[in-house]
Structures are given as C-alpha cells and as structure tokens.
Amino acid sequence: MSSLIVPDRSPTESSTPIALGVLASGNGSNFEALAQAIAAGQLQAEIRLLIYNNPEAYVRQRAERLGIPALLLDHRQFASREDLDAAIIAAFRDRGVEWIAMAGWMRLVTETLIQAFPERIINIHPSLLPSFKGIRAVEQAIAAKVRISGCTAHLVTLDVDSGPILVQAAVPVLADDTVDSLQQRIQVEEHKILPLAIALAAARSPLPV
C-alpha cells in the first residue's frame, strides 16, 4: 500500500502534446512507464528523444522495441560535464524538446543544461525528499530504520535533489525489507508519479504562445 502526496494543483487538458526528452542511464523502467502512460492516454505527451550515456544500458533496447528515437552520448567521450550538457541541449533542441524527464540519469547536470531548460527538467528520486538525498537513498532509509519511505518527483536545480517538489508517494518500510525489496516497491510508485508530475508541471508553466 502507498500514499500519494500531490500539491493543490491539477493538470489541465491540452490539445498540444508535451514535447518530452528523456535522460536515462540504466534499466529504463521509468522511461517505459512514461511511454505506457502516453499510450494509455494518461499523459498528453510525445517522447521526441531518449538520450542515454551508458552503451550497455538496457534502456536502449526498450526504446528500440517502443519505436522511440534514442541517442548514445557516452559521458566518457566528453571533456567536461558542461560539454556533455551542451551536446544534450543540441540534440534535444534539434528534436523540438520542451521538457526533460530524468528517468534514472546518473550524471550531475550543470548550469548549462538548467539554464537552457529553466524549470522544465523533472527528476524522480527514491525517497521522500528532503530526506535521504543522493544516489544511495534506499540504503540510507534501510540503515535509518524509518517506517515510511517513498519517492519524489521534483524540478531540477543546481542543488542536488533539492528542487521544488511536484509529487510524492509514500511507501511503508517492512520489518524484513532489504534494499532490493524496498527499491522494487518504491519503483512501482515512481512509475505512477513521474507521468503525473510532468502533467502537473506543464499545466502550471505553459509555454508562451
């Protein structure tokens, strides 16, 4: 059982789909959840491009199966984070991307990317922020012996895992939970709240006509 925490704002219907770009580094389950939400009519969006940074990432196979364009930008081939982000910006702009979803993107973003898409980058994080920031959030929750954990979809800022919160979902921590078992249940909720967060953010901040 989980509990959804949504600020007092509702997504509005739009005849124009959100032009979405996705950043992912690994398995890509959140990426596929977005594609499924779009196909089911739960999110009025179009994924214009997936960018992934790991040549071995399974997300590439998901994109191929779903027929979604994908581009490898291996971070090891760039001299700096800023150079990588500049390449991301160019690729997304070439596809007309207006919003970015970080669906398991394991790279810190720079001011270069944030300024190019101000308040239009959304991240999913496996904790109830502001608790347990960083890449080992589930491990931190287990170690702290908390009774409730969860996930957060938030806008991305230069301060890691500190941007304005869009949606959260609470997940009980069971007495016999391991990192893997808790991670799996949190991920189920991530798949639900990321599409909702994108819809909420786009409804709150429509693009100028």
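Yeah, the Cβs are placed from backbone N, Cα and C, and that goes for glycine too.
Among ARG76, ARG81, ARG93, ARG147, only ARG81 appears in TrEMBL as part of the (6R)-10-formyltetrahydrofolate site alongside MET106, ARG107, LEU108, VAL109, ASN123. What surrounds the N(1)-(5-phospho-beta-D-ribosyl)glycinamide site, by Cβ distance within 8 Å of the Cβ centroid and not counting GLY28, SER29, ASN30, is the set ALA24, GLY26, ASN27, PHE31, GLU32, ALA33, VAL59, ARG62, ALA103, GLY104, HIS191 from the same chain. Cβ atoms within 8 Å of the centroid of the Cβ atoms of ARG81, MET106, ARG107, LEU108, VAL109, ASN123 (the (6R)-10-formyltetrahydrofolate site) belong to the same-chain residues MET102, TRP105, site residues excluded.
When the binding-site residues SER29, ASN30, ASN123 are compared by the number of other C-beta atoms lying within 10 angstroms of their own C-beta, SER29 comes out lowest.
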